[in-house]
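For reference, the structure discussed in these notes is given below.
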Amino acid sequence: MKGIAMLLVSCLLFSFLSTNLAKELKWCPSKDVFNGSCTDTGSPSYTCFLDLLGSKSASAMPKNCKCTPLPHNRRQCDCFVVCDSN
């Protein structure tokens, strides 16, 4: 019984910590242009998600990506990323 209580308390503490960390993140718009079409690696949003991960870092955590086709086999990716702390 003690083990179950400790597990529940641990889960509650973890959920409070993760909720507080998520509130501290600030999201900034990011616009980048890449070669290729919007569907090079799947859906347009997934293609841009992978592009941003490759050009920035995983800590940028891109989300809500939109892809806009451009002339000359290029694409513009508009995503929200975690703002730099600088």
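Even glycines carry a Cβ here, placed using N, Cα and C.
Features of the protein shown, as given by Swiss-Prot:
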{"type": "DISULFID", "residues": "C28-C83", "note": "disulfide bond"}
{"type": "DISULFID", "residues": "C38-C67", "note": "disulfide bond"}
{"type": "DISULFID", "residues": "C48-C77", "note": "disulfide bond"}
{"type": "DISULFID", "residues": "C65-C79", "note": "disulfide bond"}
{"type": "SIGNAL", "residues": "1-22", "note": "signal peptide"}
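Most Cβ neighbours within 10 Å, among the disulfide-bonded residues C77, C83: C77 holds that distinction in the structure as shown. The Cβ neighbour count for C48 (disulfide bond), using a 10 Å radius and every protein chain shown, is 27. Fewest Cβ neighbours within 10 Å among the disulfide-bonded residues C28, C38, C65, C67, C79: this applies to C28. Neighbours of C38 (disulfide bond) among the disulfide-bonded residues C48, C65, C77, C79, defined as a Cα within 10 Å of its Cα, are C48, C77.
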